[in-house]
Amino acid sequence: MAAPGSARRPLLLLLLLLLLGLMHCASAAMFMVKNGNGTACIMANFSAAFSVNYDTKSGPKNMTFDLPSDATVVLNRSSCGKENTSDPSLVIAFGRGHTLTLNFTRNATRYSVQLMSFVYNLSDTHLFPNASSKEIKTVESITDIRADIDKKYRCVSGTQVHMNNVTVTLHDATIQAYLSNSSFSRGETRCEQDRPSPTTAPPAPPSPSPSPVPKSPSVDKYNVSGTNGTCLLASMGLQLNLTYERKDNTTVTRLLNINPNKTSASGSCGAHLVTLELHSEGTTVLLFQFGMNASSSRFFLQGIQLNTILPDARDPAFKAANGSLRALQATVGNSYKCNAEEHVRVTKAFSVNIFKVWVQAFKVEGGQFGSVEECLLDENSMLIPIAVGGALAGLVLIVLIAYLVGRKRSHAGYQTI
């Protein structure tokens, strides 16, 4: 008779194999893009989880799934990029027409995954059962995945990227672009999520009286240049409008001005994306992204991303991003100008107030602003005095006509003696 323990061994072995299989499905995978010489220029090792909200005939539904182990790099769509022409990109395909794309860019000191996009096919009944639409959807967003040049980006914690109704979470991520030797660098830039939490501060003193509303921010000039010259000119004053929960559980809204005297600017020039990155007072990073619509030949503010520290907040690290904006639009080669204050809503909790903006992206001739395209707010403000002036002129004319008619009638009433 077999020993009692020996009967359990096949069952335990089967359970172990199933567990290893499940772990394998969720394990990190390596993706690589090589140039024509066979040298890797992009390496990425991560696992990814997707959360997608979509519509069914019975109502909204949420589907979560992992990047499968058989996901592959799309070689004919991935690229090491060409200087001043195109940026590096990694395109990963899986399932029935689903792709995850990481678009990279760099400046003199740092590189980043500037834009992440996800294309998903709702006709895939395995991932999206009972979907009311069979369309192929595309979503995209800027990210805070960035690292120093010649260092790898490392993030063991989950890195979330929100794209409208889709959230992509990268786990145990090691990513590096602009490689020269087909291997990850020893040096690394760690994500904020992996950094040690700050020491717990003592209880905050009683809240002071509300601080006064700051005056309008100072206007400063910014420019971004590449090897082909200037790709961005901007003159503007910037004010952050933040809503957050404080440590005492109260919700406050604060206005913070960007002080040009305590701000450094950098950026990058790409064929389809231009960025302006502002570092202010050692606690705030504000990123602007300008895109271009090739069919209409117009540029626009496409994305804004903010990372800042709010000492009195329950969560001092404040982050917000939106890569689907359509603001500050003008024809490529022209400049966009608005003297009126503009409010650009990024998220429910964050917006940017822009004062006296004058901006031009992509095509900048001779480092000077091109022909001006006025904003609607300025055009309306010009129409108001014209309308008021016209109304006053009409009123004066009516009074004058009434006076002349009255005078004529009074003369007609006299009799000659």
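Cβ atoms here come from the backbone N, Cα and C positions, even for glycine.
For CYS375, the disulfide partner named by Swiss-Prot among CYS269, CYS338 is CYS338. For ASN249 (N-linked glycosylation site) paired with ASN45 (N-linked glycosylation site), the C-alpha to C-alpha distance reads 40 Å. In sequence order, SER266, GLY267, SER268, THR275, GLU277 constitute the residues six or more apart from ASN107 (N-linked glycosylation site) in its chain with CB-CB distances below 8 Å. Of the listed glycosylation sites, namely ASN181, ASN223, the sparsest Cβ surroundings within 10 Å are found at ASN181. The secondary structure of ASN249 (N-linked glycosylation site), as reduced to three states from DSSP, is coil rather than helix or strand. The C-beta environment of ASN45 (N-linked glycosylation site), restricted to residues of the same chain at least 6 apart in sequence and closer than 8 Å, consists of ALA28, ALA29, MET30, PHE31, ASP172, ALA173, THR174, ILE175. For ASN249 (N-linked glycosylation site), the count of additional Cβ atoms within 10 Å of its Cβ stands at 7 [all protein chains shown]. Counting other Cβ atoms within 10 Å of each Cβ, the lowest count among the glycosylation sites ASN62, ASN293 belongs to ASN62.
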